[in-house]
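Annotated features in TrEMBL:
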| type | residues | note |
| --- | --- | --- |
| TRANSMEM | 45-67 | transmembrane segment |
| TRANSMEM | 79-101 | transmembrane segment |
| TRANSMEM | 122-141 | transmembrane segment |
| TRANSMEM | 177-198 | transmembrane segment |
| TRANSMEM | 205-225 | transmembrane segment |
| TRANSMEM | 245-264 | transmembrane segment |
| TRANSMEM | 285-309 | transmembrane segment |
| TRANSMEM | 339-360 | transmembrane segment |
| TRANSMEM | 394-412 | transmembrane segment |
| TRANSMEM | 418-441 | transmembrane segment |
| TRANSMEM | 462-485 | transmembrane segment |
| TRANSMEM | 497-518 | transmembrane segment |
Amino acid sequence: MAGQGSYSRLAADEAAAAATSADDYDSKKLRLLGYEPQLKRNLSLLSNFSVTFSIVSVLTGITTLYGTGLEFGGPVTMVYGWPIAGAFTVVVGLAMAEICSAYPTSGGLYFWSARLCTERRWGPFASWLTGWFNIVGQWAVTTSVDYSLAQLIQVIILLSTGGNNGGGYLASKYEVIAIHAAILLSHALINSLPIAWLSFFGQFAAAWNMLGVFVLMIAVPAVATERASAKFVFTSFNTDNSAGIHSHLYIFLLGLLMSQYTLLGYDASAHMTEETKNADTNGPIGIISAIGISIVVGWGYILGVTFAVKDIPSLLSPDNEAGGYAIAQVFYQAFKSRYGSGVGGIVCLGIVAVAIYFCGMSSVTSNSRMAYAFSRDGAMPLSSVWHKVNEHEVPINAVWLSAFVSLCMALPSLGSLVAFQAMVSIATIGLYIAYALPIFFRVTLARKHFVPGPFNLGRYGVLVGWVAVLWVVTITVLFSLPVMYPVTRDTLNYTPVAVGGLFILVLTSWVVSARHWFKGPVTNLSG
């Protein structure tokens, strides 16, 4: 492991490094952090941003959970909850970006935790805890994204063959998992290509997400023969839900799930820094720009779709043509009401499906870089296998590992949707805990010795960090609360069980074994 003195040498060498080429500067900085460059550094700021923007993918999160937003508060929860969650997400992103600028490595969060705790000798444990929450959370994100795409394809097939009430074909749960597996296979194949190809796909995906949002937010309300009034969109609060919850505040808070689930995955910019030029600047900018642009276009998407909403209960009914998939019913109904056919709505769902596909592709990219870095530091079983890179400088084994684990995490859906939902709940809470840990260490243990990089918050760094940590604590509690009454075995919110179970496993593995051999990030420099 590079010693604490590396940081002062790093700061002292900034001027000399700046005089060399960007690649030499990035490589020198990475070596001072303890690593010999192994991945091809071919990503620009635009490419870094594109991967992260595709993972955040407002078309993915909002489309998937629009029904949740409608049920818990309706238009008011979505229209006002989105900017509220967005503002706090920006705060979390700013705190992460500052640390990313200081330590631009593929390890990202777990490396940050290790370095920030070096002074107090908590580094190895902090790194172990953060790393496992990060990587399991990322696998859960990929599982959730690709499974939601499989479910959307199920709905597209249903509508294309006549709809729920017209004899349409509804794929079985086994067919859905087979579609999920096929999607993951294709994502693994794409991620096995050289990074230049991934850069191209990432930029195409970002453009698709951006244009897709604008097409849908304009086309759907424009086509609908009946549109909601501005009063409905900005003031209507839906308290009619099947969850047995009547408190307006409780309903509004539960409705934030849609927004917070969507604004997730922006740590990808950090995991791509070893492949990004001018990483200590472009990595942080990638984080912030992906969040900021997602908030703006996401709010426009919510407004556009909600202006096409008239009857909330009919959209949530499992007896509608889309089988209760709210946003699919909005699209289908809008085109059918004007043209007598819902084909245009199915095409709109196709636009969303492509966006979700690219979201899953980029998720595997981020997963594999995290797995590569974590195994490079010896934290994973068979670490020597997972950090191997091929002739294209791609961590090929980590790519296929990430796809395989994401497939395995979806298998519980065959037996119990409750068990599956508990597992993917780690995607939101587990990942945000991983976000908060290095920020917490930055504002506590490392408050006096943290050396910021070129992107820094100055005197506001500690304040921003504390607000970020408190927000993560708030949403962790919020999303652990019951979402349905009365609480039974089938209606219990298993999020705290899943996240608590992960914590117990990570802590137990540390006490029993890892504390004896895991020393945190280790240098791979020779000599």
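Just so you know, the numbers here start at 1 and follow the chain as drawn.
Note that Cβ sites are derived from N, Cα and C of the backbone, with glycine treated the same way.
Whatever TrEMBL says is automated annotation, not expert-curated.
Within the chain, the transmembrane segment (497-518) has long-range Cβ neighbours (under 8 A, six or more residues past its boundaries) at 124-125, 127-129, 132-133, 136, 378-379, 422-423, 425-426, 429-430, 433, 476, 480. Of the two recorded stretches, the transmembrane segment (205-225) does not lie close to the transmembrane segment (122-141), with fewer than three CB pairs under 8 Å once pairs fewer than 6 apart in sequence are set aside.
Within its own chain, the transmembrane segment (285-309) is flanked in space by residues 45, 48-49, 51-53, 55-59, 61-62, 66, 69-70, 75, 78-79, 82-83, 86, 89-90, 93-94, 96-97, 100, 209-210, 213-214, 216-218, 220-221, 223-224, 227-228, 232-233, 262-263, 266-267, 269-270, 272, 276, 315, 327, 330, 334, 455, which lie at least six positions past its ends and keep a Cβ under 8 Å from the stretch. Counting Cβ pairs under 8 Å to the transmembrane segment (394-412), the top-ranked stretch among 79-101, 122-141, 339-360 is 122-141. Residues 55, 107-116, 264-265, 267, 363, 366-367, 370-371, 374, 377, 379, 402, 405-406, 409, 423-427, 430-434, 437-438, 441, 445, 502-503, 506-507, 510, 514-515, 518-521 of the same chain lie 6 or more positions beyond the ends of the transmembrane segment (122-141) yet place their CB under 8 Å from a CB of it.
Recorded stretches compared: 79-101, 177-198, 245-264; the one with the most Cβ pairs under 8 Å to the transmembrane segment (462-485) is 79-101. Nonlocal intrachain contacts for the transmembrane segment (245-264), taken as residues 6+ away from its ends with a CB within less than 8 angstroms of a stretch CB, comprise 56-58, 60-62, 64-66, 68-69, 72-74, 76-78, 81-82, 84-86, 89, 141, 237-239, 291, 294-295, 298, 427-428, 431-432, 475, 478-479, 481, 483-485.
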